[in-house]
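Novice: Quick one: structure below, then a few questions.
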Amino acid sequence: MALLTRESPAPALRAAPDATARERPTARDLRTDVLLASGLFVSAVLSVALNAVSQMFAFRDDAGAWPLLFAALTTLPLAMRRRYPIAVAVLISAAYFAGVSFEMAELYVSQVTMFIAFYTVGAWMDDRRRAAIGRLLIMAGMFVWMLVTTYLGAVQPEEHTPEFAGAFSPYVAYMLILWLVNVAYFGGAYYMGDRAHAAARDREALRRRTRELEEEREMSAAQAVTLDRIRIARELHDVVAHHVSAMGVQAGAARTVLDRDPDAARSILTSVEQSARSAIDELHLLLDTLRAPGGVDETASTLRLEGLAELAHEMTAAGTPTSFTVVGEPLEVPETIHVNLYRIAQEALTNARRHAGPDVTADMRLRYDRDAVELEVTNTGRARPGARAGLGQLGMRERAIASGGSLEFGPRDRGGYLVRVRVPVPRGDAS
């Protein structure tokens, strides 16, 4: 005997997105970087030319074309800053330090480009550990270089050190300002890069969550449509199969006795007419329910457990002798249980009439326990070997699960077929 119980589907496993990742650079971002690098290179070349005329920061006499080369090294790598942020930052910083050390560097645009490169490491590297280490190493190199230059300036011959009056020498004041400016310069680039990455990461997380919510909404809508279709199909099957099956059996019986007993045939055809009218009435009720704003509402049905006695009478009148017994004190149960148990009984009896042979008899027992209601439908027919479960058995299982109960069905050891459904009914449930 097959035992069907309610099961919960296993939750789908999804890979968790990286919480530190931001969106990837787009083609537009990369084109913007190329334009930025080109514009800064032109600005650096112009700065070199103007500085050569103004002599504000004089290059070495043998500088030649080296300032232009350093201008290129401190600007053009920015075209790849979002693809290779750490490499670009190291290259530009090294070029800047070398150019300043050998008095060949352009000092205006190159400081802007080094700030952008340093900022980009913090803003675009998803590996936050590498981003922090890379920037700290660049800062350490910068401060070591400043210590060396400060020391070399402090130990220069006295004749090159001008006299001064006051608490600080001009050189000490200049170096103090230089250190403070560089701390603010690199500290600001470090902080702004981290904030830009955090903001971009939050935007990406928001977009990802919005996308997931939209996918979940679409999935929920699709599942709701599927469930409605299944529910409608189940209702149509329950309404049509029972009455059409009865009409088919009764029409066959009427044809058999038509010649020898016209009165019996007339009575059977009257039953066929009643079955057709009942089917039409139930279809109208179902269609009215479908047109309602709330969709299919099984609790609005007029089917109740009290109607099982009438169902047994209809089956007997249709040629399948069916008995009905109530065991125990009736409980108040929810409307959904009324509908589902009635439909299960109807389907079990319809299957008996269709598949169990012409001489089949059926028995229905409705048992009320202290906290559950159990419906048992048996018949004396012969189960067909190799028969597959159809829509009727699927519908019975769905109704049992929807009521929170369990369903078992299958051939009995002593012959015939059994369908049993048990549904828990907590005390205090009202119909």
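Keep in mind that glycine also has a Cβ here, set from the backbone N, Cα and C atoms.
As annotated in TrEMBL:
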- 196-223: coiled coil (COILED)
- 9-19: compositional bias 'Low complexity' (COMPBIAS)
- 32-149: domain 'DUF7134' (DOMAIN)
- 340-426: domain 'Histidine kinase/HSP90-like ATPase' (DOMAIN)
- 1-25: region 'Disordered' (REGION)
- 34-57: transmembrane segment (TRANSMEM)
- 63-79: transmembrane segment (TRANSMEM)
- 86-102: transmembrane segment (TRANSMEM)
- 108-125: transmembrane segment (TRANSMEM)
- 132-152: transmembrane segment (TRANSMEM)
- 172-193: transmembrane segment (TRANSMEM)
Novice: How does the domain 'Histidine kinase/HSP90-like ATPase' (340-426) divide up by DSSP, counting helix, then strand, then coil residues?
Specialist: 28 helix, 29 strand, 30 coil
Novice: Which residue counts does DSSP yield for the domain 'DUF7134' (32-149) in the helix, strand and coil classes, in that order?
Specialist: 91 helix, 0 strand, 27 coil
Novice: Counting only pairs at least 6 apart in sequence, do the transmembrane segment (63-79) and the transmembrane segment (108-125) share 3+ Cβ pairs under 8 Å?
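Specialist: Yes, the transmembrane segment (63-79) and the transmembrane segment (108-125) are in contact.
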Novice: Before we move on, state whether the transmembrane segment (86-102) and the transmembrane segment (34-57) share at least 3 Cβ pairs under 8 Å, counting only pairs 6 or more apart in sequence.
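Specialist: Answer no: the transmembrane segment (86-102) and the transmembrane segment (34-57) share fewer than 3 Cβ pairs below 8 Å.
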Novice: State the non-local partners of the transmembrane segment (172-193) in its own chain: residues 6+ outside its ends, Cβ under 8 Å from one of its Cβ atoms.
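Specialist: Same-chain contacts beyond the ends: 111, 115, 118-123, 131, 135, 138-139, 142-143, 146, 150, 153.
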